[in-house]
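Copied over from TrEMBL, here are the features:
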{"type": "DOMAIN", "residues": "7-375", "note": "domain 'Deacetylase sirtuin-type'"}
{"type": "REGION", "residues": "66-88", "note": "region 'Disordered'"}
{"type": "COMPBIAS", "residues": "75-87", "note": "compositional bias 'Polar residues'"}
{"type": "REGION", "residues": "166-192", "note": "region 'Disordered'"}
{"type": "ACT_SITE", "residues": "His204", "note": "active site, proton acceptor"}
{"type": "BINDING", "residues": "Cys212, Cys215, Cys238, Cys241", "note": "Zn(2+) binding site"}
{"type": "REGION", "residues": "385-499", "note": "region 'Disordered'"}
{"type": "COMPBIAS", "residues": "391-402", "note": "compositional bias 'Basic and acidic residues'"}
{"type": "COMPBIAS", "residues": "471-481", "note": "compositional bias 'Basic and acidic residues'"}
{"type": "COMPBIAS", "residues": "488-499", "note": "compositional bias 'Basic residues'"}
Amino acid sequence: MTILKVGKDDNRQLQNVANILAAADKVVVVTGAGISTNCGIPDFRSKEGLYAMIQSSYDRAVATNPDTRSKIRPSLNQSPMSPSKANNIKGKDLFDSMLWKDPDSTSVFYTFIASLRMKIRDEVKATTPTHRFIRTLRDSQKLVRCYTQNIDGLEARNGLCTDMERGKGSRSRFSKKSLALPNGPAKKVRGGDQDGGCEVVQLHGNLDALRCTLCGKTCGWDEGGREAMLFGGKAPECLSCTLQDQSRRDRGKRGTAIGSLRPNIVLYGEEHPAADAISNITTNDLRFGPDVLLILGTSLHVHGLKVLVKEFAKAVHARTGGKGKVVFVNLTKPPESIWSGVIDYWVAMDCDQWVGSIKRHRPDVWRIQTQLQARTTKAGVSSAGKLTAKVTDRTDAEEKENVAPNARPYDTKLCPQRPKQRSPFRNKGSMCDAAGLSQSTVSGEKGLKRKRSMGTLQLPTPPPSGHRRRFCDPADGERLTPCETPSKRRKAKIVIHED
């Protein structure tokens, strides 16, 4: 099956994609650097990306000091004995695990990562509409999980949980009972029925912490001038290892090795320190049976991510009736030879522009139900439908502050409007209709027995408790009353007029 291209002017197909997303119950999101470029954070492989920035920085350094070429061994994947390959440094080399073998490239890596972290911390003031869209999926109880390649940690600014220790969350959060409850503080209770666990899995780590190369413990950047040391190209010592070494020496024992601190990110060729936890979460999410897979802002070049996407695509396409769809949103086209039969829609748009089109074509995806109310007239008939939902959009302040309102999400499946019914007073000559009974029911062979002596009519036994039926009273108007058990039968006094 070929990949269907959807352009920015193809309103029909954009509407189809929006409808698929609006009808979805369980959505898995995979994101890359393309969702953060509008914040000012460069991606990796574009002409203005990180790899190009590193290349230009290296060229300027060589022009200023020719000895730099011999200090920083370029093309770390090549042997140092390959002079033909030793004239250019590649940006991706600073994200390859081979850099640890050379102290000069390690120093450049520390300086570059420290500069990138400072840029994100000081210059990025707000997240993008795509980040807020992922939060909206969470608030509307559609998000199964978000798997991201990004190390900027912007998802956490929107209130999404990135703590791997929270685990996979509760499977019951997608049950009918949980979906009927508002998305309130119970969603954050660890171990509860509505616990979402780790909502964003950071596949390549994050810049928020430092990790010891020896003991694996994490710590912050700001303690003991660690940020300044890393910016200068030097790795600070691990405090936990230092204390353990000192404790052994004080007891007259042999000291232990002291590890150094490095940014808590995963380079190419390295294994994720929380690989077991990620495997458990992924297996759990595949069993959920998601019906939509969204791939946003990534070129899908990393092998591990390819495997992850293909596994989720199989689970999505396994949905009965062919309802499951895989949507890829990126400016670059995915190769047909690799992704044909895996990706259904390629939306050739910027991620934020596509999110804006979702707002235009299906605004209910962004709406939140804040109040459910029934409006009735004196005659017992609603002037605008039996049941109406008051729906509000997110305010500009909420979008800027990235704070999700504590309210039940709007879902037409959970609160549909009742179809219009006949007015109980259309047949004014029949008091049985006013009581919710048809004339044929009373006068038929299987009808109710009239009690003429007291001028009353014994109503039938209501259905079991928990079910609701419609009861009309001429005095009070139409209303809904819970059914009573057979032991609490209600008698309604109805006057039977004889001809």
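From the backbone N, Cα and C atoms, a Cβ is placed for every residue, glycine too.
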Cys238 (Zn(2+) binding site), Cβ-centred 10 Å count of other Cβ atoms over all protein chains shown, is 25
Using all protein chains in view, find how many other C-beta atoms are within 10 Å of the C-beta of Cys212 (Zn(2+) binding site). 20
Cα of Cys241 (Zn(2+) binding site) to Cα of His204 (active site, proton acceptor): how many Å, rounded? 25
Zn(2+) site, defined by Cys212, Cys215, Cys238, Cys241: further same-chain residues with Cβ within 8 Å of the Cβ centre: Thr213, Leu214, Gly216, Lys217, Glu237, Leu239, Ser240, Thr242, Ile258, Gly259, Ser260, Leu261
Mind telling me which of the binding-site residues Cys215, Cys241 has the densest Cβ neighbourhood, counting other Cβ atoms within 10 Å? Cys241
Near His204 (active site, proton acceptor), which residues of its chain come within a Cβ-Cβ distance under 8 Å, counting only those 6 or more away in sequence? Gln149, Asn150, Ile151, Ile265, Val266
